[in-house]
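Have a look at this one.
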Amino acid sequence: MTERTYGVTPPISTALPTEQEKALNKALHDELRAQGTFESRAETEKRKEVLAQLEKITNAFVQRAAREKHGKNAILIRDAIGRVFTYGSYRLGVYGPGSDMDTLVVAPKYVTVEQYFRIFPEVLVEMAPPAAITDLTPVPEAFVPIIKFEFSGISIDLIFCSIQTLIQLPADKSWSLADNNLLRGLSENAVRSLNGTRVTDEILHLVPEPATFKLALRAIKLWAQRKAIYANIMGYPGGVAWAMLVARVCQLYPKATSAVIVNKFFNIMLKWPWPLPVLLKDIEYNGPVTRVPVWNPKLYASDRNHKMPIITPAYPSMCATHNVGRSSMVVIQQELKKGAEVTEEIMLGRRPWKDLFTKHTFFTSGFKYYLTVISSSRTKKAQNVWSGFIESRVRLLVNKIEMHPSIALARPFNKGYDRMHRCKNDAQVEEVVSAGSLAYVYTPPAFGDEKVKSETKSEVKQEVKQEVRQDDVIQDGVPVKQEKAEVRAEDGVRIKRELSEEVQLPPPTNVKPEPHDDEAKVKLEDIPEKEAQPEDMEIYTTNHYIGLQLVEGAKSLDLSREVNDWKAMCMSNELYEEGLMFLSIQHLKNTALPDDVFEPGEVKPRPGKKVLKRGASEEPSKQQPPAKRQAHVQPRAPAAQQPSSTATAAAG
């Protein structure tokens, strides 16, 4: 009996693992556990309970929708059910503590998207345990219909699809979405919704050893996240793309351990002859069940432009990395090269696995110049919509910038930084939304076990308002958690006390209380009223940072055209509401980066000391009278000859 061949080519090696490779595999597993990539059994059971409750809620939702559409058909209403499928990291089995759960609701043909957004949130809140549902946010304007919420502390992204070929869904628990005929009659949005689960299932079906694949994928995911090259929306491969790359290496080494797969991953992908596509199986071109086009560079010019095509295995095959641009591909190649060097040393026993998972240096030493894109709104709800839209458009700005002749590399950071500001007047609001000031950042205090959600981590907040200079737009005013006990340094910076430090209470006063007299009552009208204080205006901002590397010999940089064109495109979108939403782009040097982008232990770049050069008249051999000696500073070159990061644009 011949062994099954996985993939579109024969394997490179079918050798069994050696004892050394087994030992390295155990060391990799131990390191991933030490890095906290595995979830506790209790948390996993909690996820299963949430999914079971979502199944019941989905059935109730479909029955209510059936009652609306077919109120007289008692049998249809009685048998109406929906199904809940997962996809992404949870379905692949590589989820970790705090991971989102990507989930899909499948319904019969008569259930509409309008009913999904109108009825499902009501049923969800009604049937879930009290206070279990938080941050409920329907997003009807998204490309695929999605409702975001937290269910008992687990973040859920719930998308929707109704099957146009089924009036009732099968009750069989083993029923899957593998049949291509389920795609008949679906729009492109609906096909994409359904294909999340279909692609995940195909990946697991196309790897020789699922357990080996999963451990190797955990390692590659952690590596990509630590190197800040994990985000499809920002032009890097997302979770599914990285999974397909690991799966392809598993196909080429079907009997290897996860440790060997990780090492081979870097060597193979570093040398991959892009734009040759990565395929897990042959593309299906003869399946006319949907009008959604199959990836085909021979027919479509847009497909020919893909720089790093990784093709999904489920019909209709699509490119999972169409967002990858010139700069992001350069960054990925750089990190693959470093990973190959490190894993070669690890396989020889010269370095530990933890060296593979060191953090990126994007802020600490990656670049000298940055752009920061600041989306802001007056309300949290508006900011959720506006910042999400701007985030999806940052890569388009990067594409424009990297075409500039003075730009060698434009690298976007893979996450945004959310901040809340409290301003007392319109002038302060203008400083925040236009100049990017952090002088009014406010971080709500955390009470008990309540979580304060923020992408940012910080230790110190500058109390004194910082002036915004033209050359250093953002100063060091940074958000912190407010502590009950605090001390103030001489420079006005609030510093957290150590927990062991005693808090000194104020000394008792000598003022005696008035004698108690039951008849001496204080009248309400006798209490003086406080003068009404103007309420603080809350502003919500999200900052995205783009590192800029200039070409060698560049003397100046003017990005005003690229920036203004991009801003005009964003602000012409129907989502934009003038007066409620704002968009600004600022340039800054690495020394002006805010403190909250640095984690504890990281060193923020500091301005270099200027060295005064001696003039010829000051050489020791020349004995000049002390009164006539002067320090001779070399004159600066004209502004046009100085390297600059200025994006000369009206950023407001």
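Cβ coordinates are placed from backbone N, Cα and C, and glycine is handled just like the others.
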Checking feature assignment: region 'Disordered' per TrEMBL, candidates 482-538, 596-652. Which range matches?
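Residues 596-652 are the ones TrEMBL records as region 'Disordered'.
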Please work out the number of neighbouring Cβ atoms within 10 Å of the Cβ of ASP157 (Mg(2+) 2 binding site), leaving out its own Cβ.
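ASP157 (Mg(2+) 2 binding site): 18 neighbouring Cβ atoms within 10 Å.
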When the Cα of ASP102 (Mg(2+) 2 binding site) is compared with the Cα of each of the binding-site residues LYS221, TYR230, GLY239, which one is closest?
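The answer is GLY239.
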What is the Cβ neighbour count of MET101 (ATP binding site) at a 10 Å cut-off, with all protein chains included?
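Taking every protein chain into account, the count is 21.
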What count of other C-beta atoms do you get within 10 angstroms of the C-beta of ASP102 (Mg(2+) 2 binding site), across all chains shown?
24
When you measure from the Cβ of GLY239 (ATP binding site), how many other Cβ atoms are you left with inside 10 Å?
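There are 23 of them.
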Within the domain 'Poly(A) polymerase RNA-binding' (361-606), what mean pLDDT does the predicted structure show?
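Reported value for the domain 'Poly(A) polymerase RNA-binding' (361-606) is a mean pLDDT of 74.
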Please list, for the domain 'Poly(A) polymerase central' (212-359), how many residues fall into helix, strand and coil according to DSSP.
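Its residues divide into 76 helix, 4 strand, 68 coil.
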